[in-house]
Amino acid sequence: MEQYILSFDAGTTSSRAIVFNKKGEICSVAQKEFTQIFPQSGWVEHNPHEIWSSQAAVAAEAITKININGKNIAAIGITNQRETTIVWDRNTGEPIYNAIVWQDRRTSDYCDKLKNEGLLPYIKERTGLIIDAYFSATKIKWILDNVEGARAKAEKCELAFGTVDSWIIWQLTRGEVHATDVSNASRTMLFNISTLEWDEDLLKLFDIPRNMLPKVCDSSEIYGHTKTTIFASKVPIAGIAGDQQAALFGQMCVEPGMVKNTYGTGCFILMNTGEQPVFSKNNLITTIGWRLDRKTTYALEGSIFVGGAIVQWLRDGLKIINSSSEIEQLAMQVPDSGDVYFIPALTGLGAPYWDQYARGTIVGISRGTTSAHIARAALEGIAYQTMDVINAMILDAGVGLKELRVDGGAANNNLLMQFQSNVLGQSVIRPQTTETTALGAAYLAGLAVGYWADVNEIKQQWHIETQFTPDKAVDMQLAKRKWADAVYRSRSWAK
Ligand code: G3P
């Protein structure tokens, strides 16, 4: 009986399930968008039940499409939007509040307070992170402080916290397993990335009882078996990684110095730094890539909050396109942005600026500006943000960039990829499989159950589809200076 790996990709705006075969090829895909809840300005929530029901539905659809069942699935891998925080009742399995999404800014003021108390070096040394509302710790604290009865319940060991991976495993195993992996734990601001343990001092600082936290596992091991009715048989759940780390693995950036950028809702640029954490001097964060075969691989990360999401905003907010795919055509109607610069800081600026109060800014509009110029400037804004992160990464790593491997939805936009190569002055490489997030999780799961023998076998499956090289005729110097000026104008706006 032919065997496959099923990957659960629990993203920010949709749930996806992808079935891969032994060659790492996609055999079946199913996807379902779910509701984004915006209760107040700067707040973003998801309904945890909808996260699970959509994920369960796409898993069933993906396997039914190719007429297979649980017996054909050698293992399940899970990859997920990171940092998003869910707290549920251990006895009933009922969430006590909506999932607070990574983009949510409600704890910004509290984070400022921590920064003013001079806690930045203390937290960075342990977690590799910068103090920001982005990470889970302040979101958990907010739930405990604001949901009636939550703290009392937590003290009685009645609550469980998890990032989305933990929530899905809990559902798949019907409450038998409460676990996460090191890559997700490293995004909570509660995990010591050197000792690989929950940090007691940070738990005290944020007033979070340890009993709420999941067990932290490797990224490739058997965590438990499915108990849901989706699969007639028990399937091992054997791989977990946060989506950006999974993409780094799926892109086979397995040697130190290799870099990938995923153009999803946000843009996330990760550089493999090997078995030792590198602590950034240029406002990047240090994160755990994965733990495999008892070895931990670290990465430097530049997180950009709004990447492809700006295209959604042009579609749903400004309504200058009807579907995301129309953006490339619209932007191509003009030869350049007509001196318009678009800073997509709709939810603040992440790396390397970390300005929670920056907001989206368009500068340089003239009488001749058209929707095509705005569309082009929006795409260019994605590429310039990436350039800012890569410049910081080069300073931290002390070595230049050889190439940038790209994936995610907007990586299919040729105009954007060529512009990216021009601003970086480096090759941008798009692989044949751009579903690298799901693929990375599938690889981690497959390795745990012996579906693939080792990383060397997997490396043979990575192939280039297109290589974009810098257009030497284009001089980017003035444009880069103007971009820096435009970023300055977007700063601190919402303070
Ligand atoms: O850190 C947030 C990130 O994991 C979200 O990824 O692909 O859902 O935008 P994505």
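Glycine is no exception: its Cβ is also placed from the backbone N, Cα and C atoms.
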Candidates Gly118, Gly162, Gly409, the one TrEMBL lists with Thr12, Thr13, Ser14, Thr265, Gly308, Gln312 as binding ATP: Gly409
One of Tyr4, Tyr134, Tyr298 listed by TrEMBL as binding glycerol at the site of Arg82, Glu83, Asp243, Gln244: Tyr134
Alpha-carbon spacing, Asp243 (sn-glycerol 3-phosphate binding site) to Thr13 (ATP binding site), which is rounded to whole Å: 13
Annotated binding-site residues Thr13, Ser14, Gln312, Asn413, filtered by Cβ under 6 Å to ligand 1: none
Rounded Cα separation (Å) that holds between Thr265 (ADP binding site) and Thr13 (ATP binding site): 8
Count of other CB atoms lying within 10 Å of the CB belonging to Arg82 (sn-glycerol 3-phosphate binding site): 26
DSSP-derived structure type at Gly409 (ADP binding site), helix or strand or else coil: helix
Fewest other C-beta atoms within 10 angstroms, as judged across Gly308, Gly409, which are the binding-site residues: Gly409
Site of maximum Cβ density within 10 Å, from binding-site residues Ser14, Gln244, Thr265, Gln312, Asn413: Gln244
Other C-beta atoms that fall within 10 angstroms of the C-beta of Glu83 (sn-glycerol 3-phosphate binding site): 25
